[in-house]
Amino acid sequence: MLKRQSAPLGTWLMSASASTAEALGYAGFDWLLVDMEHVPIEFRDLWHILQAIQCTGAQPIVRVAANDPVLLKRALDLGSTNVMVPFVENAEQARAAVSAVKYPPMGTRGFAAVHRASRYGTWKGYGQQANDSVSCILQIETATALANLEEIAAVPGVDALFLGPGDLSSVCGHIGNPAHPDIQAMISDAIVRCKAIGMPIGIVGGTPELVGSYLEQGYAFAAVASDMAMMMSKANELLVALKGRQAPEAVATAY
C-alpha cells in the first residue's frame, strides 16, 4: 500500500458491515481501515469484511484493539496485509509490535500452514514471503510518543507511522478539538521530523479541506471521515432538505 506514487486516500470502517466495506471499496477509496479498537467487530466479522474489501482493489488496514501478539496474529492469519497498532509510545513497544507481525527469525509470530492468508495452504511460499508482504503501521497518539518519534521510527520492521489527532488532542488537554493551535503545531512538527528521517506518516481528518491541508504538508497517506460519519452527514442533509429541521451539530471531528 505504501509504495503507491500518489498519496493513498482511505476512510474508517466503524459499522462492522461487509456490505458497507465493499461499497466504499468500489467507490474508489485506496484503503479502508477496519477499526477493532473502538468498534465491537469480532474476528468472524473481520473475516467477511476482508473478503469484501479485497474484491474491490482497495487495501485493508486492520487496527487491532491493543498491542497484543494474539490480536495481531489473528488479523494477519485472516489475510490482512496491513495492520495498525494503537498507542505506541516508545521503541520497546514498537519492537513488540514488529515482533508480533513478523515470523522468525525477524519476530515471534506464531505459524500455521492453513489459513486465509496462506490461501488455505495453497500459497506454498507464504511462510517465507509473509514478512515482506505485510505492513506494520504504528500510531503516534500522545505527547510521549511524539517525543520518542525518531526512536520509534528507527525500529527495524516499522513500515509507517500514523498520527491520531483525536487522542493527541485528548491527552494534551484539548479533548474533541484537534484544530486547537497547539495540536496543529504538533501535527506540523511530526511531518517535518518524519520527512527528515524518511519515514512515511499518515493521518486522519474529518473534512476534505483538512485532509487536503495535511497532504499539502507532506503526509504520505490519509483517511477522511468514516462510514458512519458519512452516513450521518448525508442523513442530516436529506432531513434538513425534506423536513426543514435544524440539523444536529456534529460532535465528531474525524471518525
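Just so it is clear, glycine is given a Cβ too, placed from its N, Cα and C backbone atoms.
For His38, the entry in Swiss-Prot reads active site, proton acceptor. According to Swiss-Prot, the divalent metal cation binding site annotation covers Glu141, Asp167. The site 'Transition state stabilizer' feature in Swiss-Prot is assigned to Arg63. For Asp77, the entry in Swiss-Prot reads site 'Increases basicity of active site His', with the evidence type similarity to another entry.
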Give the distance between the Cα atoms of Asp167 (divalent metal cation binding site) and the residue listed as 'active site, proton acceptor', rounded to the nearest whole Å.
12
Of the recorded positions listed here (Arg63, Asp77, Glu141), which is spatially closest to the residue listed as 'active site, proton acceptor' when Cα positions are compared?
Arg63
Cα of Glu141 (divalent metal cation binding site) to Cα of Arg63 (site 'Transition state stabilizer'), in Å and rounded, measures 14
Secondary-structure category, per DSSP, in which the residue listed as 'active site, proton acceptor' falls
coil
In whole Å, how far does the CA atom of Asp77 (site 'Increases basicity of active site His') lie from that of Arg63 (site 'Transition state stabilizer')?
14
For the recorded positions listed here, His38, Arg63, which shows the highest count of neighbouring CB atoms within 10 A?
Arg63
For each of the recorded positions (Asp77, Glu141, Asp167), count the other CB atoms lying within 10 A of its CB, then report the residue with the highest count.
Glu141
